[in-house]
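Taken from Swiss-Prot, the feature (6S)-5,6,7,8-tetrahydrofolate binding site applies to Leu120, Gly124, His125, Leu126, Ser353, Pro354, Phe355, supported by sequence analysis. According to Swiss-Prot, the N6-(pyridoxal phosphate)lysine annotation covers Lys228. Residues annotated as site 'Plays an important role in substrate specificity' in Swiss-Prot, with sequence analysis given as evidence: His227.
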Amino acid sequence: MYSFEDIKVFDPELADSITMEIARQNDHIELIASENFVSKAVMAAMGSPLTNKYAEGYPGKRYYGGCEFVDIAENLAIERAKKLFGCTYANVQPHSGAQANMAVFFALLQPGDTVMGMNLAHGGHLTHGSPVNFSGSYFNIVPYGVDDNGFIDYEEVEKIAKECKPKLIVAGASAYARKIDFKRFREIADLVGAYLMVDMAHIAGLVAAGYHQSPIPYAHVTTTTTHKTLRGPRGGMILSSEEFAEEHKLNKSIFPGTQGGPLMHVIAAKAICFKEALDDSFKDYAGKIISNAGALANELTARGFNLVSGGTDNHLMLIDLQNMNITGKEAEHILDEANITCNKNTVPNDPASPFVTSGIRLGTPAITTRGFNEKDMAVVAEAISLVVKDVDKNKEQAKALVKMLTDAYPLY
């Protein structure tokens, strides 16, 4: 197991950067929707000697010797993932959600095939068809988006699907604050003879806890990350039925298709994460993520902020700042000066460039892990409001509110 003291002795420059990052995490309110704080057990697994072991292949079928013990770790992760999400197949080797998505695309499609995915500018993800990503480079992408109220228009999705006849429809998002109807997506996919892939990276923890409709009964294949609302190590995973996975060789699409050796220390951390999520306490945690998000959304609305779709059903919200006469880039910067961390984000029909944006995305998974409750959301909203409306006048007052909360809820 690693010791931070060893790092300080051998590489004080790097140790300084880690120390400063620990301080930042402790002293800032973390509102990036895709970030969370892992448990000490998850962190310990990632710093374990399992990082030393090469294990190309799968449990019982490795290309290296000496894998009998890392096989135990991977099998634990697989069985726990299947139990957690109620499926018969799980591949826990993807290094990221993006690589899980890539593996599924290459397993089900040929270059040039048509794919429908949510428009990145409307809340989708790079890997759902952005032209700068592999998905937009190798495949013919037909995007769908949200209506003028910020909701997915399923009738419009069906209309587009009938017109373009995709081979694959991707459901899921990175900046969509409402529940997604996976059953409706499957009906549309069946109507046009398409596969349905659900990327539940952002909502996996909410699905596991029963607070969002599970895609497992409806999707041909589901991908996810293991961090975000699931609160595990940074990594990816593919879920499906054993029959579909075998027919389409999903395992081979990960190894040797898109990856070499798996990261056994991360897979061990995934196993711990899944065990944590199977505990009854995780359901309570996920419920608090949603209640905190709802409370924060209400408090921000009361202070004049414009929320895309008017609110949230999950862990995140998208704030359109055009009525505040400030860009997303500017808001991200000045909030960071007040020790509030968030990210700039495009809003539907955004007139600004993706490097500037007209909005910010906020999420509650990390602050909920820390212990923040619904009453605290009024303080968080007030700090945000003070900074966005007049940073020069109000920054110190906002920082004092932030310090009051971070002192009340120490991180580690």
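Here, residue 1 is simply the first one shown, and the rest follow in order.
Glycine is treated like the rest: Cβ placed from N, Cα and C.
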Long-range Cβ list for Leu120 ((6S)-5,6,7,8-tetrahydrofolate binding site), cut-off under 8 Å, min separation 6+ in sequence, same chain only, gives Leu126, His128, Gly129, Ser130, Pro143, Thr346
Within 10 Å, the Cβ with the most other Cβ atoms among the binding-site residues Gly124, Pro354 is that of Gly124
Expressed in angstrom and rounded to a whole number, the (6S)-5,6,7,8-tetrahydrofolate site built from Leu120, Gly124, His125, Leu126, Ser353, Pro354, Phe355 spans a maximum Cα-Cα distance of 16
Rounded to a whole number of Å, the separation of the Cα atoms of the residue listed as 'N6-(pyridoxal phosphate)lysine' and Pro354 ((6S)-5,6,7,8-tetrahydrofolate binding site) comes to 22
Close in space but at least six residues away in sequence, with Cβ under 8 Å from that of His227 (site 'Plays an important role in substrate specificity'), the same-chain residues are Ser34, Glu35, Asn36, Val38, Pro233, Arg234, Gly235
With the fewest other Cβ atoms within 10 Å, the residue among the recorded positions His125, Lys228 is His125
Taking all protein chains shown into account, the Cβ-based neighbour count within 10 Å for Ser353 ((6S)-5,6,7,8-tetrahydrofolate binding site) is 11
According to DSSP, Lys228 (N6-(pyridoxal phosphate)lysine) sits in helix
